[in-house]
Amino acid sequence: MSGIIATYLIHDDSHNLEKKAEQIALGLTIGSWTHLPHLLQEQLKQHKGNVLHVEELAEHEHTNSYLRKKVKRGIIKIEYPLLNFSPDLPAILTTTFGKLSLDGEVKLIDLTFSDELKKHFPGPKFGIDGIRNLLQVHDRPLLMSIFKGMIGRNIGYLKTQLRDQAIGGVDIVKDDEILFENALTPLTNRIVSGKEVLQSVYETYGHKTLYAVNVTGRTFDLKENAKRAVQAGADILLFNVFAYGLDVLQSLAEDDEIPVPIMAHPAVSGAYSASKLYGISSPLLLGKLLRYAGADFSLFPSPYGSVALEKEEALAISKYLTEDDVFFKKSFSVPSAGIHPGFVPFIIRDFGKDVVINAGGGIHGHPNGAQGGGKAFRTAIDATLQNKPLHEVDDINLHSALQIWGNPSHEVKL
């Protein structure tokens, strides 16, 4: 294979999956085939999309009801020659799913890149091992928390929140994705003030915390804003990838003047991936493509919290982020939304140690504040790694958290 193989879920009311697959393969490449003169067929053969696989799936009554017609469901695989497109994500996505995305009844499940094509993508700069080296934490999941309620607040408020989270043992604190450039907490001021706080906590408590600052602005200003952040001392850049595009992420990741990890936020991605019938699958969008384009971290809805993905989907995202690939470093999985300490055993059981446990209200809503919330999570992580049930741990901060949010992991076996 020298090009790319696209895997689709299709719904066909003509009940002829083979014909539908061939129509897609031709429609996204040379347009027609059977009516072409033999000589022209020979000339265009190397550009023709090739149907590799057609598999019929069981009928699904809910799908028929939603589409208001009876359809045949199937999985098809089509190979697109590398000759047809330039080796960049805009060209790849337009080739494999451009006008086809308007069909409304086709979902792009996966893209399989040839080794030759993979060479054109950077992958994560740091990856899991690089992030762990920055923090000198190698034997447990990382803990991340989020600034809450920062809109309309000043730098002093930010510093207080940051200090409490760091003292609580949080490894990474990230901006809220809706915190943009503003007069009260400008980008460089946040970074400089944040570093002062984190250095003070490190000197006093010996705990290192990294700050992920939200890089925002117009598309053609992003690189300059990212470089300003780096010059001010940014540890990590948070980036709302899908508000801009995967190619913009790749551009930031490839820039040698932006030598810091990039954390990809999934904002807007639901517009592409939420439907089971059409769009782009979450594992492809939030897993494989983010990793290839250069994200060191990928945030996505966890299977447990308030904005839940199905467990199978969430684990598939993580698989794409962390599976061995000689071309790319591994990216951190960050299952998010509605996470509290009682979910920690689930997260470690399902995602392993190479995961970032990300909490907002589960830290800030603790009765002992963010310090208590962070400590509750750290205790839950340590207990889980020691195979100790959370309800047996004698720790006031963890006990308080379990009293408030419950302990759904009571029967979890690791």
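Backbone N, Cα and C atoms are what each Cβ position is placed from, and that goes for glycine too.
Feature list (source: Swiss-Prot):
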{"type": "ACT_SITE", "residues": "K99", "note": "active site, proton acceptor"}
{"type": "BINDING", "residues": "K148, K174, D175, D176, E177, H265, G338, G360, G361", "note": "substrate binding site"}
{"type": "BINDING", "residues": "K174, D176, E177", "note": "Mg(2+) binding site"}
{"type": "MOD_RES", "residues": "K174", "note": "N6-carboxylysine"}
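Structure with Swiss-Prot features highlighted.
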| residue | record | contacts (Cβ under 8 Å, 6+ apart) |
| --- | --- | --- |
| K99 | active site, proton acceptor | G27, L28 |
| K148 | substrate binding site | Q161, D176, G360, G361, H364 |
| K174 | Mg(2+) binding site | M144, S145, I146, F147, Y211, A212, N214, I236, L238, M263 |
| D175 | substrate binding site | I146, F147, M150, R190, A212, V213, N214, L238 |
| E177 | substrate binding site | N214, L238, N240, H265, A267 |
| G338 | substrate binding site | S302, Y304, G305, S306, V307, A308, G361, G362 |
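For the Mg(2+) site, the Cβ centre of K174, D176, E177 serves as reference, and the other residues of the chain with Cβ at most 8 Å from it are I146, F147, D175, I178, L179, A212, N214, L238, H265. According to its DSSP assignment, E177 (substrate binding site) is coil. For D176 (Mg(2+) binding site), the count of additional Cβ atoms within 10 Å of its Cβ stands at 16 [all protein chains shown].
The Cβ neighbour count for G361 (substrate binding site), using a 10 Å radius over every protein chain in view, is 18.
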